[in-house]
Amino acid sequence: MRTFSYHEALGFECLELRYYDKTGREGRLEEDMPLDETCTDYSKKKWKYKESAKTFIPVRSKPKEPSVNPLDDAGLLSFMTFSWLTPLIKMANKGKLTLDNIWQHSPLDTAEPNYKRFERLWQEEVERVGMEKASLPRTIWRFTRTRMLMTYLTLMICMIGAFLGPAFVIRNLLIYAESREVNWPLGVGLVIAMFVTEMSRSVFFAATWCLSYRSATRVLGAVLTLIFTKITRLRSLKDKTVGELVNLCANDGQRLFDATSFFILMCGAPAIFILGFCYTLYLIGPASLLGCSMFILFYPFQAGISRLTSHLRRKCIAITDKRVRTMNEILTCVKLIKMYAWEMPFGRAVSAVRSDERKVLEKAAYIQSFSISTSPLVPVLASILTIVLHVMTGNDLTASQAFTMLAIFNSMRFMLATLPFCVKYLAESRVALQRVKSLLDMEERKPFTTRPSDPGNTIEITGATFAWDTIRQEEEAGNPGTAPVAHGNTEKVPLTKDDAESVEDLVKTLVNIDLELPKGTLTGVCGSVGSGKSSLISGILGQMRVVCGTVGLTGSVAYVAQQAWIMNASVRDNILFGEDYDQQRYEDAVRTCSLTHDFNVLPAGDLTEIGERGINLSGGQKQRISLARAVYSNRDVYLLDDPLSAVDAHVGQHIFTHCIMGALKDKTVLFVTHQLQYLHLCDQVVLMKDGLIAEKGEHSQLMAAGEDYARMIQGYMTSHCDEETGEESDGEETEQLNNIKGDKLMRQSSMDAQRRKRLSSVVSSTSIADNGDVLVVEEEEEEEDLSGSLVTKEDIESGSIGWRTYADYFKAGGGYLLSVLVLLTFILAVGAMGFSNFWLSLWLRQGSGNTTITVGNETVISTSIRHHPDLHFYSLVYGMSIILVLFMVIIKGLSFMKFTLRASSNLHDKVFRSVFRSPMSFFDTTPTGRILNRFSKDLDEVDVRLPLQAEMFLQNSCLLLFSIVMVAYALPYFLIAIVPLAGIFLYIRNFSSSALRELKRLENVSRSPWFCHLTATVQGLATIHAYNKTEQTVDRFLALLDKNSMIMFVFHCAMRWLAVRLDQITITMSTVTALLVVVTHGSVPPALAGLALSSVIQMTGMFQFTVRLSSETEARFTSVQRINSYIKGLKPEAPLTIKETAPSKSWPSEGRVRYQKYNMRYREGLPLVLKDVSFSTKPSEKVGIVGRTGSGKSSLGVSLFRLVEAASGSISIDDINISTIGLEDLRSKLSIIPQDPVLFVGTVRYNLDPFEQYSDDQIWSALERTHMKQAISGLQLQLEAPVVENGDNFSVGERQLLCMARALLRHSKILMLDEATAAIDPETDNLIQTTIREAFSDCTMLTIAHRLNTVLTCDRILVMEDGEVVEFDSPSSLLADVNSHFYAMMSATNVNNQLLN
């Protein structure tokens, strides 16, 4: 089925794919389009390669108006030598390189135009062969083929240069060395020829890379944007998690970049092989066939390696996804895990997954190591086998033949060296593209296009049945069943997709819905938990499938989600949400949503930065900002999903009166609520029950009918006689309230709000600091940060990687001694390869061993080695060196891989322990994604990429060392040239290393914001769709992606900038060696001259590759450094257990809690959030805690669980000071039911009993007491039914009930409820309160509540204000005192029963 593009969906019939910059110059967005593809009027347009052709001008003058990227203005010489990059390298060398002053992408390389073109090609591919057979690799080939062909042309010129050097220049130099005549012009001519061939090889190889990197950047931008755009169009994620999607963009995107970069090199390998094969056959004869067969066998060997690598990569990715998902879940639920003292069990769960991952990594590592080792091994084996066969079959061998052949084989190895890379990256990209295709195959959201039949209606739903997609369990769970969404009816129904043959099971959630929303009316929707209220809004938004019936919708939509979606931006940006700023409209929206007072106390008012998922805001503040966003948007239809659940009664009354009944009075509003006191003011009321509309009509009509609705209202009136109202308090009450409370009643930003649990699972990251402070400070504090930034930018370490980082890695791998032994295996392995060449030189120098032969009638001394009496001895030693080489290579591979895997596993375990043992302040000020970056991208670097780079670096370093030794051994004068060349090398290396380091670090940091944006987008898809902000969301992603990909492109180009300049050093070395051979003619044996020339030609290419590898290896060590910064830099919280002070197992037996002059601040330098708090509870007492937002209610819970340590004072439980005992001993004895319900990915049983401590009967009993038994027993797999990420297949109310069942099972002596029933309907709330009173009758309960009726039954009420205890007495005593704070709060929420009737 064809998937329409975003632009097509909006009705844009044509897209202009050319780019015009500010000067009006035409860009080349169609540059890569094949020549045979033309537009309708293409003949009238300029030649599309006109701009590209300018690059062929050798030197271009600086234009009057330079391009945004110097690459577009570069001439041929600048392009091929990367000289256009020199200004940036200089800037980096001076330490002035930052994210702000790095260049922008060339307009040709930005993601947007490349995405548009790639999407068009992909749609053509799908239309041509169908989605099932459509091939992403084929589309990528069509996307890049023009550039690939040009890249192949430059590579061929490079290959010819690489071949001519050994084939003709070295051969003729050795023939010249063997001759007795001195011919200076010939000798000098050959030296010049050596220089020219090597130089052409170097610059054309550099040009190949520049073209490849640019192609790869375009592919990366196009594919990642295609993935992101697809995500923004999805109706639901189905079985995809946020972790998988980020992994797809991060790791798989990198694999795609690598595969595109290296693909062309694999195409160059056959060309050099054919040239080498023909020439060695001509040079040596049939014996060379045996040597060449080694190269031929190398290809199927690498193909086998590729298949195996691909298979292992697929297995590893699945396990890595699981580990990252588990880590992500732990990090997002870390507050609950700490409060429940579950650190150790969850730690074991991560270790188990990591253990499985390590097994697969180990297998892949051995294969990778063997693949790397075979590259330098092949020419050695080929040479040994060819020479031994050639000599043993009675043929003669001269130095010019032997060492020319060695040089030819080494030049063939030049391409073979890149083959393992090509194979590995192509295998991995194949897996990555399969994952991308599975995403592209997912169904997109289709907005409703039907208009209501009655023009007076805004929404018209007729006989509609809505269904969610089934959620399938993971294969490894062993239960392939489906998980119905637990909203109402859960009947499965087959649905045939349009234009497709497949049939998919769905879960019917809303059945036979008939609903009309006339324009300008307010419709209230009520019902019990799980009745389908939120699903009704999801259905209208198009997030559910319409199985039958019709949905008509007209006008624009605004949506306020039950759990507010907040972006990591300023408060104002969250409210504007991409709209233009209108001051009056903005101030009206802020005022009606009761945000004015909040802005007064925020450090920078409405310009204050909100942390990731709103971590520095209370639940009520987040909800009101979400509501203000809706009001400001000025839409026709407002879908409000329980917007008053997170605010207190007074604010709720203000919002309903001034916002819903005021600002939105002329709008069509669908108002889902559990606040039944407002329903009598609605034009129409809908009662949902089990996925059906049970009743609908006006409030008075439904009350008169006396059905379920009337019974629910009457029950509410009975139990909520002192609850909140839909009417404003009269002027006297308001004034009295203000007199009592004064300015302190104003809502203020509170540190306890920053300790809210992170709402949903993420693998994101933002560019803020690892050690950034939360800056939420009182107005009067002198040190407050008026910038409004929550935290500083992420630290970017500068300077070279310190020895400390390497030392820590060596220790993690097994210590210094083991490190030295592993290094020794490299020296011995390469030494074994060098020994074969040395032995060959020695053998050839022996000649015939002065053996005399008869030629005609004369007896002369032979010059042929086949007449040597010890011929068999020399050939045997030469042949047996193969066994030595193979043995050492195997030992080297095994020892190195064991070492690196041990190092990465130890680092993982250490960083996991360090992060997990950090205090909550670390998690609240550090975005989840930044922490997860360590466990995903950085650990992937240490697991896979660092060992690969390090092994090749060590191997090549040893090869270079032995080559220099061989040349110096043959030509001692060569050492004179080495000294200045070494000086030049060190200068270039130091000059460029700072740039490479800083670019790599900048790339790491610039990656974080688009991770964060991707995560936030996935979390807020419903809101983005509702407000139709898809295009702006994609634009933001494009800007962030372009920034990151530009830095990545420049990083790779900087590597090549260094490579070209280092190549000049090896070219100088080759030229000097050739010159020495000519100058020392007659004094140096041809065998030694051959050894020197073959060794130095081996260094060309390899030298710059090795230095580049050293830089890349150092760059990879930044990941070790980042992991180490967490291992060493994070301060742990108190010990889990302290044997000396461990309380008895029966503690606490009474549950007496006592606060004594307790003060608490969240960090040094910040104000106190609890001030001189002193109170004590009696055994098993029920205490209600009330107070306005920011009064310090939740901070009491933070202090009791020791998530933050005391500034002064103490807390004791049963006369034991809790600061003296271990955290696990304390927290395991307490329970909490948090405001934001936390469910883990897994099953219902796993969520209730993660560590299998309870029986089925106990679990069912807990579910029955929390009124969830019917809902769970109705699921297909009951207790084994899967729970998806964030528990999204359950309503918020159901999640709170499941969390309550978890607390019932735990049955601690002390229980804290933090707004635990905020999302539960009043009827269920009453039942739950009864359950709590019965189940925890022997427990001490601390209940934080906004619904004042929930605490009226408590023994005593504790009133908090501004971090202080202002009242603590029984409800009756406090209500009897008309001057008490509690009395004022109750007065503000007095119910008018007559209005409800």
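Positions of Cβ are set from backbone N, Cα and C atoms, glycine also.
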Transmembrane segment range according to TrEMBL, out of 288-305, 324-341, 1062-1079: 288-305
When counting C-beta pairs under 8 angstroms to the domain 'ABC transporter' (1153-1387), the leading stretch of 155-428, 495-715, 820-1115 is 495-715
Under 8 Å, at least 3 Cβ pairs, sequence separation 6 or more: does that hold for the transmembrane segment (364-391) versus the transmembrane segment (149-170)? no
Overall pLDDT of the domain 'ABC transporter' (1153-1387), taken as the mean: 81
Cβ contacts under 8 Å made by the transmembrane segment (959-988) with residues that lie 6+ beyond its boundaries: 376, 830-831, 833-834, 837-838, 841, 1058, 1061-1062, 1065, 1068-1069, 1072-1073, 1076-1077, 1080, 1084, 1088-1089, 1091-1092, 1095-1096, 1098-1099, 1102-1103, 1106-1107
Assess whether the transmembrane segment (149-170) lies in contact with the transmembrane segment (403-427), where contact requires at least three Cβ pairs under 8 Å among residues 6 or more apart in sequence. yes
Count the CB pairs under 8 A between the transmembrane segment (403-427) and each of 262-282, 288-305, 816-840, 871-891, then give me the winner. 262-282
Most Cβ pairs under 8 Å to the transmembrane segment (871-891), of 262-282, 288-305, 816-840, goes to 816-840
